[in-house]
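Data first, discussion second: the structure below is written as structure tokens.
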Amino acid sequence: MTTYLSLGLEGSANKLGVGVIKHTVTDANAENGFSTDILSNIRDTYITPPGEGFLPRDTARHHRNWVVRIIKRALDEAKISDPTKLHCISFTQGPGMGAPLQSVVIAARTIAQMWGVPLVGVNHCVGHIEMGRTITGATNPVVLYVSGGNTQVIAYSKQRYRIFGETLDIAVGNCLDRFARVLKIPNAPSPGYNIEQLAKKGKKYVPLPYTVKGMDLSMSGVLQFVESLAKRFQAGDLVVDGHQVTAEDLCFSLQETLFAMLVEITERAMAHVNSQQVLIVGGVGCNERLQEMMGIMARDRNGSVYATDERFCIDNGIMIAHAGLLAWRQGFETKMEKTQCTQRFRTDEVLVDWRV
């Protein structure tokens, strides 16, 4: 029995996360021949006033200001007094926002050289998937990856996470965030969460554009349309079928439309690969209504839905630590000269050689 430790750093958007994970290997030849222990999972979020998004330069400044303190807290909580005992430093290499990514990469390079520990660059999406699989116990699910910057339907095949469908323009989380700005919905704890709470009070469904093209979907049109409705609402001039539409109705209608599109393409992928499992990952995956709608579809197919809570579905350092350690145990290491971050790092570029 052998134990391995990894420290992970995540900072691809407005959340800065640092986590420490331990793998205890009991059978090195088996894909699942190890157990995981989460030793720490610390996160700090850059939050802007209602009606405002977060700019890359300001987000990067937040990460630079907090990263040392967050690393210290993560090590203290994990009870690691000698960080040279870590087996690897894992960091998000992409995709994401350039400036925040760069801030975290610099921190990873610095501590790796200070402590003499190898670096492992991690694909952000693969981190979400592997953490989701570990936490939920899903074996070989179709993955719906939904966040502020990404929307993809994924399935595993031949040591790659294959993309079956994705957004053609903006991500579902970005659509929700931008709508929240129009209505000046608060950004704390997140605009998507606040939209979800308002949607629970919505009673009137307002028809919105529904754009699914094969296995792909488009959300820029529905955003533009619902933004125009929101401006009419703010002017007190939004009546549908004799009903005075409220902000809650608009939130409800937007959620129902977007999530129906996601359920449709996910079901089509399940049918294609003959899967009975759906794993929802990414920040939007915390949404209970999305989980409910996906569950209705899955039950109709005698399947099941897997999702994690906000500790793991929202961007975090522990998922990066976990995915990085999986790769490191297979002999992967990112040389210092190859640690440049990239905003375009496709999920299917990663060789997933820790799976059979």
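Any Cβ shown, glycine's included, is placed from N, Cα and C.
Feature annotation from Swiss-Prot assigns divalent metal cation binding site to His124, His128, Tyr145, Asp315; the stated evidence is sequence analysis. Long-range neighbours of His124 (divalent metal cation binding site) (same chain, six or more residues apart, CB within less than 8 Å of its CB): Glu10, Ser12, Thr92, Gly94, Pro95, Gly96, Asn150, Asp315, Ile320, Phe345. In the three-state DSSP scheme, His124 (divalent metal cation binding site) falls into the helix class.
Annotated substrate binding site per Swiss-Prot: Tyr145, Val146, Ser147, Gly148, Gly149, Asp177, Gly192, Glu196, Asn287, in sequence order, evidence recorded as sequence analysis. Every protein chain considered, the tally of other Cβ atoms within 10 Å of the Cβ of Ser147 (substrate binding site) stands at 26.
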If you count the other CB atoms within 10 A of the CB of Gly192 (substrate binding site), including all protein chains displayed, you should get 25
Using DSSP, would you call Gly192 (substrate binding site) helix, strand or coil?
helix
Cα-Cα separation of Gly192 (substrate binding site) and Tyr145 (divalent metal cation binding site), in Å?
15
Using a Cβ cut-off under 8 Å and a sequence separation of 6 or more, which residues in the same chain sit near Tyr145 (divalent metal cation binding site)?
Cys125, His128, Ile129, Thr151, Gln152, Val153, Ile154, Val281, Gly282, Thr347
Taking the mean position of the Cβ atoms of His124, His128, Tyr145, Asp315 as the divalent metal cation site, which residues outside that list, in the same chain, have a Cβ no more than 8 Å away, listed in sequence order?
Ser12, Cys125, Gly127, Ile129, Ser147, Asn150, Val281, Gly282, Gly283, Met319
